[in-house]
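Here Swiss-Prot flags 167, 168, 169, 170, 171, 172, 173, 174 as ATP binding site. Positions annotated as site 'Required for activity' by Swiss-Prot, on the basis of sequence analysis: 360.
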C-alpha cells in the first residue's frame, strides 16, 4: 500500500470516529480506620483489584458488598480521609522480578529499603498466580543440602519440597532456616527470605548474618516489619513466592524462607475481623486454610519440558507451649510435605539445633537424598530415639546392663555430632564420613568432646586427601567407605592423644 492510499484510509477511519469525553468512575471513602477504608461508588471494581486514593496511597479490594467494599491499605492510613476520592486501576498488585533484585532489601511492593537507588528490573508479575498443574510437575529427586547434619541425614529436603519448620518461640527456627540459606553459598540456588511482622532489629541481624557468612549477591530480602501496614504484611509471602517463581520458570532453582506464617495468619485474622467476616475456629476466618494452601502449592519441581526449575519452600510457624494440635500448626502440617519440630526443652539443654527426632518427618525428601548418605544414615534415627528413651529411664537407676550402657554411650556420641554450631555448615562428604565412622564404632571409645572436635577438623583433612569428589550420587562402595572411616579414625586418635598430652604418633594410626 502506498503512502497516499494509507493516508486516505486513515482519514476515513478518523471521519467515522466521534470524539467523546473519557468517563472514569470515582469512588468515595465513607469511613476509614485501622488500615481499612470502606469505599462506595465503584460498583465495577473486582476482588483484589488495586485502587488509588487521591492522596497517592493505594490499597486492594478485600471484600465486596452490595453498596460498599472494604479496601486494605498498603500505605500509611493517616493520608487517607473520609470523603476522599478513589479511582480504579484495572490491575492487581504486582511486584518487580528479575536479576536486579539480587542482593537487595525491598518491601512487598518492590520498593527499596536498603538504599535510595531504585530496583533495576524491567518486568513485573502479579503476586497471585496459579500453582503449577500436576502434569507440569516432576518428581522431587534432587537434594537441598542444608549443611545441618541432623536435617540432611534424617529429614532430607528435596528441591521442590515444602518443609515446615515449627516450634515454640526462641527455639532456633530462624537460625535453622538461615543456616540453610548460608549453605547455598556455593550452590546454584537463589534464596529469598521473607520477613513478616518481625522486629526490624531481628531482620537486620538476619541480613547481616547472610552478608557475613553467605552469598548476599544471590539473595533477595522481602521485608514487612511489625511497624508496617497490615496489608503489606499480608501480601509479603505472595510477593516473595512470585519473585522465586521468576527464577524457577527460567529453569533455575530457588529457595524461599517465609518467617513466619503464624504472624501472617494473625494478620489475616485481623483483616477479616476488621472487615466483619464471620469468624471461625480461634476467630480465624474460614478461608485461612485456602490462603496458605494456595501459597505453598506454588512450590514445585517443574518438568523437563518446562525447564526443570524448582521452588523449595521452608515456611516457619510458631507454637504455643509446644502445642502442635492448634489450628494453624495442624493446617500447615497437613499442607506441607513434612515438618522439622524444634523442642524448647532440648534448646534449654543446649542441644542445638533442637530437633525433635520423634515428631519430625520428611515425606518426600528421602527419595532425593544422596544414595551414599542414605546408606550410612539408615540406623541413625532408630539408635538416637532408643538412646533418648534409655537415657530418660536411666535417671531412675537400675539400668546396669552392658548392652544398655553401650547404647547410651553410642547415643551420647550421636548427640555430640548433631549438636552443630550456627554458620558452620557441613559438606555432604563430611556428613557421610562422620556417619560411616559412627557406624563403625570409631567414636565409641572417645569422649563426646572428641567427636565434636573431629567434626570441626574433618573438612580440611578430606580436602587434603582428595576425598571431595562427586561420588555421593551412587551407593557407597567398600573402598571409599574404608578410606573415609580411616581418615576419621586418624583424626579421633590424634585428638585423643593430644587430650592425654601424649605426642601424636605418625603413620596411619591403625
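Backbone N, Cα and C atoms are what each Cβ position is placed from, and that goes for glycine too.
Shown on the structure are the features that Swiss-Prot records.
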residue: 167; record: ATP binding site; Cβ contacts under 8 Å, 6 or more apart: 173, 318, 319, 322, 341, 342, 343, 344, 354
residue: 168; record: ATP binding site; Cβ contacts under 8 Å, 6 or more apart: 318, 319, 320, 321, 322, 342, 344
residue: 169; record: ATP binding site; Cβ contacts under 8 Å, 6 or more apart: 318
residue: 170; record: ATP binding site; Cβ contacts under 8 Å, 6 or more apart: 347
residue: 171; record: ATP binding site; Cβ contacts under 8 Å, 6 or more apart: 342, 343, 344, 347, 354
residue: 172; record: ATP binding site; Cβ contacts under 8 Å, 6 or more apart: 342, 347, 352, 353, 354
residue: 174; record: ATP binding site; Cβ contacts under 8 Å, 6 or more apart: 202, 206, 259, 316
residue: 360; record: site 'Required for activity'; Cβ contacts under 8 Å, 6 or more apart: 154, 155, 338, 339, 340, 341
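Sequence-ordered, the extra residues of this chain that approach the ATP site, with Cβ no more than 8 Å from the Cβ center of 167, 168, 169, 170, 171, 172, 173, 174, are 318, 342, 344, 347. For residue 173 (ATP binding site), other Cβ atoms within 10 Å of its Cβ number 26. Mapped onto three states, the DSSP output places residue 173 (ATP binding site) in helix.
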